[in-house]
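The following features are taken from TrEMBL:
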| type | residues | note |
| --- | --- | --- |
| BINDING | 180, 181, 182, 205, 246 | NADP(+) binding site |
| DOMAIN | 20-135 | domain 'Tetrahydrofolate dehydrogenase/cyclohydrolase catalytic' |
| DOMAIN | 154-299 | domain 'Tetrahydrofolate dehydrogenase/cyclohydrolase NAD(P)-binding' |
Ligand SMILES: Nc1nc2c(c(=O)[nH]1)N[C@@H](CN(C=O)c1ccc(C(=O)N[C@@H](CCC(=O)O)C(=O)O)cc1)CN2
């Protein structure tokens, strides 16, 4: 009698993973948020407002904050951009955050990272009022997530979780391996997956034999900023691979290209599902920011829809 194909043999016979289309998912989510923003406005005569603060001239950050403003408008919310010079002092930035904390037209505040050297990202993130901390990076919201309490969840891990749940359904009992332990992605991702009932392993810069750990993951989330780190043979056949890395590399023809932390051409022959770069996790980060801003406005205005 022929044995039924396991996830492993099926994936080896079918060498191309299913692409997880984060761009399409994010577009749908943004459309739903826009409808909810209209309903919220009809009920409360309030338009959710998001303040984004950029210090300095990092070209990638400039692209991200421009896209945030564009998507905020598309969702029917108000966008308040604060573009500050590289020379901005910690005291000046804290004073701005203080004003935004008290501004009734602002329901969400975000300071774009990374900040220029000399500014303390921890002190600055913690200065944002927890109810307006739509990045979920301050100690109050991070603490709530660590304790399994409701709060605002960081945008990129929230986006990864939405993609995983829509692809896999329930995650309970799966082994999730996360490579990278940053406060922005790896740590909150671990807490979210733990809350979903996954067994979670976090590999980091000092981990020995990360490849061997990665091979155990039914889910593999990679957020290291080290492009091409994860090779095809690091991936458990049939695994769901979420590539958070985005690096712009130069090509021999003088052009540039965005690539992830996963060697995509190799991974696609082993994984069951995989996010591309671009078009995978990145667009979800901005859609989840809109999601968090609407949720913050709902809480601030009175908890109603
Ligand atoms: N305060 C924060 N700073 C940073 C965060 C964050 O969540 N909060 N995340 C990243 C950058 N980021 C959002 O800020 C971000 C990165 C990438 C994308 C995105 O849509 N990427 C596209 C490609 C875009 C391009 O052409 O360059 C994709 O992957 O398809 C959105 C947001 C660090 N800082």
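Placement of Cβ uses the backbone N, Cα and C atoms for every residue, glycine included.
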In sequence order, which same-chain residues at least six apart have a C-beta under 8 angstroms from residue 181 (NADP(+) binding site)? 187, 190, 202, 203, 204, 205
Restricting the binding-site residues 180, 181, 182, 205, 246 to those with Cβ under 6 angstroms from ligand 1 leaves 246
Counting other CB atoms within 10 Å of each candidate's CB, the least crowded of the binding-site residues 205, 246 is 205
For the binding-site residues 180, 182, which Cβ has the most other Cβ atoms within 10 Å, all shown protein chains included? 180
For the domain 'Tetrahydrofolate dehydrogenase/cyclohydrolase catalytic' (20-135), DSSP counts of helix, strand and coil? 62 helix, 19 strand, 35 coil
